[in-house]
Amino acid sequence: MAKKKTNSAETVLTVKEAKAEIDKLSEEIRRHQYLYYVKNQAKISDLEFDRLFRRLQDLEEKFPQFKDPASPTLVVGSDLDKDFEKFQHKLPVLSLINTYNEEELLDWVNKTDPEGIYSVEWKIDGASIVLYYENGMLQNGVTRGSGGIGDDVTDNVKTIRNIPLRLPESVTVHLRGEVFMTFKDFDEYNEISSGKYANPRNLSAGSIKQKNSAETAKRPLRIFTYDAVFPEISKKFKTHQEILSKLEQLTFPVPPNTVFVTGSKIAKTIKDFKKKKDKIGFPTDGLVIKLNDVSKRDALGYTSHSPRWARAFKFDAVMKESKIVDITYAVGRTGKITPRAEIEPVSLAGTTVTFATLHNQDYIDELGIGIGAVVRVAKRGEIIPAVEEVVTPGKEIFKIPDRCPSCKTKTIKKENLVDLFCPNPDCPDRVKNGIIFYCQRKQMDIEGLGEKQVEFLYDHDYVKSVADLYDLKDYKEKLMEEEGFGEKSVTIILGGIEQSKQKDFRFVLPSVGLPEIGHKVTELLIEQGIDSMDQILSISKDETKLEALLEIPGIGPSTVEAFRENFADKKILKLLERLKKSGLKMKADPVKVADRQPFAGQSWCVTGSFENFQPRDKAMDLIAYYGGRKVSSVSSKTTHLLAGPGAGSKLEKANELGIEIYDETRFLELLKSLQIDPKI
Ligand code: IVH
């Protein structure tokens, strides 16, 4: 038989061999994904996995006729932007009735079936999803939507690593689950995104609705499935426990720690769950208690919105009822428009609350929120409380108008098709919030300039851009005459502004507030020796240099695009020029170094946690002070890895590359031998 030559240097494969290898690799990769994401028992390293994955991608490219429709390579997503089609659910996607204290819950148990068996599971705090499999193949992944019709987000769902695309048997099953992110994955992802996400739930919900599935593929999403209907074989399952076992057998991940107990044990079970809550590593907002017996469930039936056989039990939910008086919107510095409900004042967790966030139109639709509605509001992770549920609906479901409330420009939807944005960079609210951001502690840390003061300065034409802050001293006398700006506060403000000139490029660049260019990206650039605005400007003009940025781990195409776009923008260039003229430091200060440089020539990566170095940056700073180079990822150029408990793939990679590895004890010994005090 004629041998077909492939491009990869040494491999020569016949078509038949290629097919066999594609099948074998697909199977092997699927098995490893299952072991890693579902079973938490990786059998091979990330590097080995990547090698298999890339080999499969390579073969599929050369022999597209053999690409399996359920190929694991589909997890990389597609770059095509597309809007979502509406999908009519095959069964109503119901919600749960909430209970807020144990008494209420136990009362329900006693009234329903005190002797019966109940499952107690985590209520996962993510985005609800319905998966439709026909004959063992994933056909559709759909958001809950209104419960009747959802958005078809199949391409995005296919990128989620622990969702099987093909099942081990040819069954037809419709199942429900929650797409979520572990706290660890959220923190890592949020760090490279300059901390722009409030919590894992919001990020998960936004990720599942990306227009472009290649973007979803970058987000570390996972799923737990917790309910299923087998239209062809439903009679066979007598209990919820059997359904969950079946799901596991079909390689679906189910919520961990689920127990089946009689009604009388529920109180004790709740205590056990509460103890575990902070250790499970994924977000949960309570428990779901479900009657186990399917025939008993059927006898109890449903209300129009929820099953009578289940209850959600919310942990420590400090919720208050109030009425929506009005709905307004805030326009953030990025242009994002967040609708807010103005509510009758209620006291919640120690403060009087008059506003609650409504997130976006999808959220408003899902809950059925309108002016006049009686709602429950709660404080979760965020500072601003949110409307959690509707007790009595208002007149009609609220629709966010399509113009920016601040500048009346027509709003646009960006990548996730949920949030609305004002596209006008000169929009007064955007600019104001940009100045507020610049003054924040994490940024230029300007004393005396909070939200109120900036708003006043903007509205009274003192400061229309961050560059104007540095001219404010010329208006000292006038400002002192303004209400609320006495001599003392003006002195503090002007002192704060002057003081900010001590902050170097490390702070100036991220404080300007350009999309994608936050602290993390700035640090990555400085690590590579790109430590001044002049360098950034020259790179941004040069396509080859821009492309080269992609080689820095942690910098992706969207960041490069941000450099290309923003630093070609005349207004931004003018602003940077003015900041420079005002005396801001447009270059990173050299890091202070010791007289002795015992770590010179070494590149250290630090990962995991340490007893003596908290946060671990302290270990990094120490190494840098004594001449070492800090790097944030392990590569062939890394000479040492300092690894504490919790070190993950970096440790594995260092092992494979044969890099010198230190644990905390060995590192402390090294410091001692070099006569370095670990405390400085
Ligand atoms: S059962 C008819 N189980 O909570 C079955 N829901 O407030 C209803 N959720 O929309 C769902 N974890 O998105 C169920 N273990 C769990 C859950 C869970 C999270 C979500 C789900 C649902 C919402 C209801």
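Numbers here mean position along the shown chain, with the first residue as 1.
Note that Cβ sites are derived from N, Cα and C of the backbone, with glycine treated the same way.
Curation does not apply to TrEMBL; its annotations are automatic.
Residue ranges 8-35, 92-119, 652-679 are listed, and TrEMBL annotates 8-35 among them as coiled coil.
Binding of NAD(+) is annotated in TrEMBL for Asp46, Leu47, Glu48, Phe49, Asp50, Ser95, Leu96, Arg144, Glu178, Lys290, Lys314; the matching candidate from Glu121, Glu191, Glu342 at the same site is Glu121. Candidate recorded positions: Asp46, Leu96, Lys123, Cys407, Cys427. Those with a Cβ under 6 Å from ligand 1, in sequence order, are Leu96, Lys123.
Separating the Cα atoms of Asp46 (NAD(+) binding site) and Cys407 (Zn(2+) binding site) is a whole-number distance of 49 Å.
When secondary structure is read from DSSP and collapsed to three states, Glu48 (NAD(+) binding site) falls in the helix class. The DSSP breakdown of the domain 'BRCT' (594-673) into helical (H, G, I), extended (E, B) and coil residues amounts to 28 helix, 15 strand, 37 coil.
Counting only same-chain residues 6+ beyond the ends of the coiled coil (8-35), those with a CB under 8 A from a CB of the stretch are 1-2, 41-44, 49, 52-53, 55-56, 58-60, 62-63, 66-68, 70-72, 161-162, 164, 166, 251. The number of other Cβ atoms within 10 Å of the Cβ belonging to Lys123 (active site, N6-AMP-lysine intermediate), over all protein chains shown, comes to 20. When the Cα atoms are compared, Asp50 (NAD(+) binding site) and Cys427 (Zn(2+) binding site) turn out to be 45 Å apart.
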